[in-house]
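Colleague: The structure that follows is given in the form of structure tokens.
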Amino acid sequence: MILSQTAVSFEMIMVARFLYGINSGVGLSAQTMYLIECAPKRLRGMVGVSVATFLSLGRFSGQLLGIRELLGTKKDWPWLLGFNGFAALFQLFTLPFLPESPRFLLLERGDSQASAKAFERLWGKNDYSRELDDMMKEKASLHSIPNQSVLELFQSRSLRWQLLTILIAFSSLQLSGINAVYFYSFEVLSAAGIPHDKLAYAALGTGLCELVTSTTCFIIIESMGKKVLLYRGYIAMSVTLGLLTITVYFQKSVSWLPYCSLVLVFFFIFFFAIGPAATTAPLPGEILPQSFKSAGYTLGCTINWMGLFALGIVFIFQENLESFCFLIFLVFCLVCGLYVAFNVPETKNRTVLEITMDYLCSRGYTLGNSRYFIKTKITL
């Protein structure tokens with residue numbers, strides 16, 4: 001992308017963006033799964049949130065670099081597009097020095113010694129016998145079942161509620177309305193009296209709000225739990241969207257309503273960053289057994305990117321709805337919030353086996369049947 005201006009070739013930008021998209025899809029799945037598998041159970045929530053925190057940091061960095069004083073000029077825009085290549089080079093030189101995931105080494109390769117060495121490199125010379133015991137129990141329950149495909153995840157009767165959770169959570173992540181709120185934030189800022197040439201600087205506040213909120217969530221998630229943050233975040237977002245529909249619709253008639261809309265935009269970003277953005281990405285690694293994790297992450301990220309693509313196409317036609325388009329997203333937020341509140345167990349400080357049994361027992365299976373379903377691959 002850096003050389004596209006010199007070569008006068010927009011095709012180079014298209015090819016580069018395509019390759020970057022492939023890396024983003026694979027990297028988001030692999031990185032999240034690796035971090036969750038390497039984290040101690042007591043820190044798993046904080047490590048999972050770090051994914052959203054650095055995504056927010058990347059978004060804010062892009063907004064900051066895009067202002068006119070930095071790279072947002074006619075001369076320097078190729079460097080803005082190609083800036084992520086420097087981050088890729090940093091990863092290329094540093095990732096080979098990281099150890100393999102201890103869970104992968106023990107549960108997939110059956111190499112307990114390599115797993116112990118990986119634990120020691122990651123956690124130091126501490127006592128990690130409890131984590132090893134939990135993994136050995138999970139390994140015994142899997143009965144040497146190899147990695148499963150996405151199709152086999154759909155066919156597994158014992159994991160249907162986990163599958164439904166992934167489908168709803170990742171679909172709602174893009175259909176929550178966050179992109180629509182970011183789109184309308186410029187109109188809201190303009191209506192609040194901010195000059196057009198200063199909108200880019202004011203919009204930095206939205207990215208900074210998401211970054212600060214995500215960092216705050218990193219601190220409080222272990223005390224509150226992911227389920228609480230997820231369903232309360234969606235419920236609060238649905239209420240905010242309802243109010244934002246009203247204020248944006250009447251903001252040209254009432255002089256002080258643009259300021260209310262501005263406050264609601266920041267509230268919505270706050271609830272999104274502290275709830276869905278922070279807790280959705282690591283979800284498959286917490287509710288699925290080891291043999292189904294890669295399929296779960298693949299499915300979740302595919303839904304996420306497909307939802308973003310579909311939203312980009314459909315939102316062109318939703319512009320005619322103006323502020324009433326928020327009502328569509330309100331429905332998705334409300335449905336996901338209620339589903340999580342009544343159907344998803346808390347994952348804080350719990351093993352995958354405990355969460356799986358909770359899913360099954362809540363659907364009427366006895367404890368004995370739960371063990372049977374976990375230990376047996378059922379594809380009826």
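The backbone N, Cα and C atoms fix where each Cβ goes, glycine too.
In case it helps, TrEMBL gives these features for our protein:
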type	residues	note
DOMAIN	1-348	domain 'Major facilitator superfamily (MFS) profile'
TRANSMEM	12-36	transmembrane segment
TRANSMEM	43-65	transmembrane segment
TRANSMEM	77-98	transmembrane segment
TRANSMEM	163-184	transmembrane segment
TRANSMEM	199-221	transmembrane segment
TRANSMEM	233-250	transmembrane segment
TRANSMEM	256-274	transmembrane segment
TRANSMEM	295-317	transmembrane segment
TRANSMEM	323-342	transmembrane segment
Colleague: Counting Cβ pairs closer than 8 Å, which of 43-65, 163-184, 199-221, 233-250 has the most of them with the transmembrane segment (323-342)?
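Modeller: Going through each listed stretch, the top one turns out to be 233-250.
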Colleague: How about the transmembrane segment (199-221) and the transmembrane segment (256-274): do they have 3 or more C-beta pairs under 8 A, pairs 6 or more apart in sequence?
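Modeller: The transmembrane segment (256-274) and the transmembrane segment (199-221): touching, yes.
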Colleague: Output the single range from 43-65, 163-184, 233-250 maximising the number of Cβ pairs under 8 Å to the transmembrane segment (256-274).
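Modeller: Maximum Cβ contact count belongs to 233-250.
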Colleague: Considering only Cβ pairs within less than 8 angstroms, which of the stretches 163-184, 233-250, 295-317 has the most against the transmembrane segment (12-36)?
Modeller: 295-317
